[in-house]
Amino acid sequence: MPKARQSKKGILKSSSIEAIAEYIQEKNVKNIIVMSGAGISTAAGIPDFRSKDTGLYHNLQKFDLPYAEAVFDIEYFLEKPEPFYALAKELYPGKFLPTKTHYFIQLLQKKGVLLRNFTQNIDTLERMTGLDQDYIIEAHGSFATASCVECDTKADSEMVRLHTLDGKVPHCEECNQLIKPDITFFGENLPKRFFENLHDFEAADLLIIIGTSLQVQPFASLIDDVPPHVPRLLINKELAGVHKSRSSGFDFEWKSGLDRDVAYLGTCDEGVDKLAALLGWDKDLENLHTKGHEKLKAIWKAEQEAKDLAEDKEKEDVVDQKDDKEVDDLAEELDKLTTENAQEKAKEPDELEQTLEKKREFRKPVTRSDTKKTEQH
């Protein structure tokens, strides 16, 4: 943690998270921009595909990637989409719950002080909190929608989800080309909506950066787009955004005289817990987090039960079809036996009549004329 500094003339009274909380309350802050990165989803259990400690990394090794990030390279994807969809199967929305940090961002909206959340994340966890989508700028896209790489036709989200979870590569129903979630790959332009909302930074009265190393451009440079009088709070495990040039990046040592930058080093959830407590919002945050998880779990449970019911019904239909066929086969066999039996029965009177006729002939009286004929012979 950088050494806390005091200021009598600067924007903040000290380089501490306490000073940020005091600033929010005293200055009646209403337009907070949150810039968030992968670090806010770590507590959700989302694995880092680049870490050798995860099974996800080993699963991707079988594809013999030239380098780990190739899985998000558009040219590589167009040639070999399988590695990406193997990764997507593990990361697909519906497996992970939003963290307390995600709910803190939603809490800012509920308190009426959130201007926008610019996120690098593609996991849609911000959406899952119930945060109004108008407040979310997904700088690198997300799994929420998908399109054809050739004709740009929007794909059916449920079809893409089912294909992905089944380990299959989805294709366009219009032209049969590859379907790709609307995620910004290396080599692609950022979403139009990202650029359309950059003017938000001019209106911000506080910038909070959470869980990002600020290495990827142009996202990283956004910290310099707020006016010079606007405080900036970094919540991260380590320092980020510090440049050799004083003309850009953070100034945690307060050498510029602006006295506006604060770093809270720790986990994202620890940082928002601390800030919420200082603002008197800790119970609100806890309630949002708890009830949000309960709601999502109830939804997932209902969806799973509906899925299980549908699968059971499908199995029953298969069994019923089998039973119906067996009944039809038995009925056909019975009809055949009945017909054969009837035919046999129909023959019986004729055979009986022939037997009786033979017996009648045998018992017929012999006349004299018959005897004479016999003697003559």
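Keep in mind that glycine also has a Cβ here, set from the backbone N, Cα and C atoms.
Annotated features, as they stand in TrEMBL:
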ACT_SITE  HIS140  active site, proton acceptor
BINDING   38-42, 48-50, 120-123, 212-213, 236-238, CYS268  NAD(+) binding site
BINDING   CYS148, CYS151, CYS172, CYS175  Zn(2+) binding site
COMPBIAS  310-325  compositional bias 'Basic and acidic residues'
COMPBIAS  333-377  compositional bias 'Basic and acidic residues'
REGION    310-377  region 'Disordered'
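Feature map: annotations from TrEMBL on the structure.
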{"residue": "SER41", "record": "NAD(+) binding site", "contacts (Cβ under 8 Å, 6+ apart)": "PHE96, THR99, HIS102, ASN121, ASP123, LEU125, GLY211"}
{"residue": "HIS140", "record": "active site, proton acceptor", "contacts (Cβ under 8 Å, 6+ apart)": "GLN120, ASN121, ILE122, ILE183, THR184, LEU190, PHE219"}
{"residue": "CYS148", "record": "Zn(2+) binding site", "contacts (Cβ under 8 Å, 6+ apart)": "ALA155, CYS172, GLU174, CYS175, GLN177, LEU178, ILE179, LYS180"}
{"residue": "CYS151", "record": "Zn(2+) binding site", "contacts (Cβ under 8 Å, 6+ apart)": "CYS172, GLU174, CYS175, GLN177"}
{"residue": "THR212", "record": "NAD(+) binding site", "contacts (Cβ under 8 Å, 6+ apart)": "MET35, SER36, GLY37, ALA38, GLY39, GLN120, PHE219, ALA220, ASN236, ALA240"}
{"residue": "LYS237", "record": "NAD(+) binding site", "contacts (Cβ under 8 Å, 6+ apart)": "GLY39, LEU265, GLY266, THR267"}
Statement: binding-site residues considered: ALA38, CYS172, CYS175; fewest surrounding Cβ atoms within 10 Å belongs to CYS175
Message: Just to be sure I understand the packing, how many Cβ atoms besides its own are within 10 Å of the Cβ of ASN121 (NAD(+) binding site)?
response: 22
Task: May I ask you to report the DSSP-based helix, strand or coil state of ALA38 (NAD(+) binding site)?
output: helix
- line: For Zn(2+), residues beyond CYS148, CYS151, CYS172, CYS175 with C-beta within 8 angstroms of the site's Cβ centre include exactly VAL149, GLU150, ASP152, THR153, GLU173, GLU174, ASN176, GLN177, ILE179
